[in-house]
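What TrEMBL says about this one:
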TRANSMEM  B:30-50  transmembrane segment
TRANSMEM  B:56-77  transmembrane segment
TRANSMEM  B:84-105  transmembrane segment
TRANSMEM  B:111-131  transmembrane segment
TRANSMEM  B:138-155  transmembrane segment
TRANSMEM  B:190-210  transmembrane segment
TRANSMEM  B:241-260  transmembrane segment
TRANSMEM  B:266-288  transmembrane segment
TRANSMEM  B:295-315  transmembrane segment
TRANSMEM  B:321-340  transmembrane segment
Amino acid sequence: MIVRSRTFRVAAALTAVALASAACSGGGREKTDESTTGGGGNAAGSSGYTIAFITHETPGDTFWDKVKNGAQQAAKDTGVTLKYSNDPEAPKQAVLIQNAVDSKVNGIATTLVTPDALAGAVKSAIDAGIPVVGFNSGIDQYKKLGALMYFGSDETLAGTTAGKRLAEQGAKHPLCVIQQTGSVALEARCAGVKSSVPGTENIQVNGADDAAVTTTLQAKLAQDKSIDAIVTLGAPQAIDAIKAKDQSGSQAKLVTFDLNQEAAQDIKDGKILFSIDQQPYVQGYMAVTSLYLNLKNGNDIGGGNAVLTGPSFVDSSNIDKILPFTKNNTR
Amino acid sequence: MTQTTVEAPAPPAGRVRLGLSNRLLARPEIGALVAAIIIFIFFLILAPSFRSAESFFTVLYQSSVIGIVAVGVGLLMIGGEFDLSAGVIVYTAGLANSMFCWYFGVNLWVGAFISLALCLLIGFLNGYLVMRTGIPSFLITLGTFFVLQGANLGVTKLVTGTVSSTDVSQIAGYDSLGKVFSSSFKVGSVTIWTSVIWWFLFVALATWALQRTRVGNWIFAVGGNADSARAVGVPVMRTKIGLFMTVSFLGWFVGMHQLYRFNTLQAGGGVGNEFIYIIAAVVGGTLLTGGYGNAIGVAIGAFIFGMTSLGIIYAGWDPNWFKAFLGVMLLLAVLVNLYVKRMSTMRRAGS
């Protein structure tokens with residue numbers, strides 16, 4: 001057994017050497033000192049508070065990844081112990097909130113995507129004397145549920161503003177690309193765009209398959225040549241839309257919600273006109289920080305109103321500043 | 001859409017003709033072919049923008065991305081097994097290649113082969129576990145499906161710090177791999193993707209293997225009745241494991257296509273496609289219980305799926321109803337398929 005494991009180790013070492021010697025190819029990872037990234041801050045739990053952070057994230061979404069990064073950084077900065085949990089289904093999210101109440105956390109930050117389903121669990125938290133902060137979704141209902149503060153974007157407002165900017169560019173017939181069927185937030189964005197540009201048309205695509213998104217958009221652009229703008233509701237779909245435009249020779253303007261590294265580069269290259277960013281990192285960061293301030297100092301942020309984290313526009317005028325942040329996965 | 005049944009050749013009552021038509025009707029793909037032609041004509045009439053060579057090749061491209069893996073899934077189903085991990089393995093393949101090369105800074109070809117080895121290993125494990133434990137492949141591969149789904153996310157997050165892989169377009173080997181897996185060329189105004197040609201090639205290869213080789217006979221035998229197959233000396237274990245590995249090989253192939261066409265992949269991708277592959281195989285006349293079907297049928301099944309999903313867009317129907325339309329068209333395809341097949345068996349019973 002020992003001999004075998006030694007052979008294995010030798011083999012592993014040889015492989016490593018081979019890889020290291022082959023590691024001259026460009027475009028790979030930039031080898032940075034791991035310890036410098038995200039350093040600083042206090043040790044977890046040094047402030048003595050525990051905060052439960054609950055979302056309706058579907059695993060694998062780049063957007064939620066940034067929310068989580070923001071929350072983790074805030075926890076580090078304030079010395080809070082963060083308990084992250086998520087479930088896309090409303091009843092299960094309610095159970096997660098209840099779990100947090102039962103484990104007697106000091107504060108709860110939660111998305112309020114399905115306010116009616118979560119109302120009971122939120123109430124039991126408040127009854128137990130645990131402060132609750134809403135973020136990301138539930139802007140109209142958070143007060144009614146008893147949450148203290150709210151950090152997020154108004155999806156309809158974001159859509160309306162995006163639509164206005166498109167109208168200024170002369171767009172008459174935008175195509176709004178919905179990558180997840182039946183999502184209230186996504187429908188609200190498209191409805192917002194439509195309220196600014198009445199000629200807006202929606203289309204459903206399968207967000208889990210880039211090839212399917214591309215061909216669907218390609219087909220739509222061939223079917224209706226009068227489409228003069230495309231609004232994607234997520235950054236990965238914007239990349240697919242660029243491919244579809246190339247294939248079908250369409251001259252439609254492209255704008256997108258949210259950001260990722262590739263989309264940011266495309267904004268710089270002029271392939272995407274602008275992005276409507278709701279700053280997910282800020283949502284996560286503020287939700288945790290506001291709870292910390294409330295627990296520590298009795299603070300209240302927003303003056304009794306929701307704090308808007310968006311819409312923030314990213315276009316050619318400010319992309320140079322923002323591009324590096326997308327590489328850190330914080331914007 | 002009831003008038004569509006009229007399109008099917010109605011046999012004159014009474015006498016039964018033997019010969020070509022009868023032999024044609026006995027083939028598994030004939031029902032799917034009739035359904036495909038009907039749906040094709042249907043969209044030609046309803047969707048003006050469907051009537052162009054460009055659109056046809058867009059449909060072919062969409063079909064090829066489904067069809068390549070579906071060929072493998074079809075063969076596996078003829079062999080009597082399922083693979084629910086076939087959708088996710090496409091992304092596992094792409095992610096493995098992309099992240100390995102990005103992390104270690106090596107040529108993408110190295111990663112492509114490592115990814116291939118990984119996929120073949122997963123296929124082997126699927127097959128080996130199914131054969132060794134006797135647990136239905138539906139369950140084993142459901143397990144693999146979940147494992148891969150979780151690993152895709154977990155490993156991607158660990159390696160890149162995000163949930164999508166990094167851009168591979170600047171790493172060495174990108175251009176040559178792009179040529180192999182995801183290049184296109186223009187004939188007039190029509191863009192033809194090489195994936196379509198690869199798809200045809202794989203279908204031809206599978207057809208030849210099923211009809212003309214010993215392995216083909218083994219596949220039908222193990223799917224029909226594994227015990228009798230074993231009794232007459234068919235290497236059941238080897239055949240089935242080989243089939244699982246074929247599926248994962250083809251999944252790898254499409255994964256390479258996805259990676260080199262889109263440069264980055266989202267770690268959560270591919271979920272749900274496993275059923276599309278199975279649907280393509282079943283629409284194409286493959287029996288869910290195994291032992292019956294052929295590769296051309298599966299290809300036609302993938303074509304029906306690609307054509308329907310894009311045809312609805314070309315026709316400009318209300319997008320909210322998309323899935324409902326899709327479901328109706330697929331049901332229609334299966335019904336036509338069944339109708340044609342029943343006619344063929346009736347004829348054979350008559351003769």
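The backbone N, Cα and C atoms fix where each Cβ goes, glycine too.
Since we're looking at a predicted model, the values are computed, not measured.
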Winner by Cβ pairs under 8 Å against the transmembrane segment (B:241-260), considering only B:56-77, B:84-105, B:138-155, B:295-315: B:84-105
Candidate ranges B:56-77, B:190-210, B:266-288, B:295-315, B:321-340 - greatest C-beta contact count to the transmembrane segment (B:30-50) (under 8 angstroms): B:295-315
Recorded stretches the transmembrane segment (B:56-77) and the transmembrane segment (B:138-155) touching, at least 3 CB pairs under 8 Å: no
In contact by Cβ distance (the transmembrane segment (B:138-155), the transmembrane segment (B:84-105); 3 or more pairs under 8 Å): yes
Cβ-based contact of the transmembrane segment (B:138-155) with the transmembrane segment (B:190-210), 3 or more pairs under 8 Å: no
Ranked first among B:111-131, B:190-210, B:266-288, B:321-340 for CB pairs under 8 angstroms with the transmembrane segment (B:295-315): B:266-288
Distant-in-sequence neighbours of the transmembrane segment (B:190-210), which means Cβ under 8 A and at least six residues beyond its ends: 53-54, 57, 60-61, 63-65, 67-68, 71, 74-75, 78, 180-184, 216, 219-220, 250, 253-254, 257, 294-296, 298-299
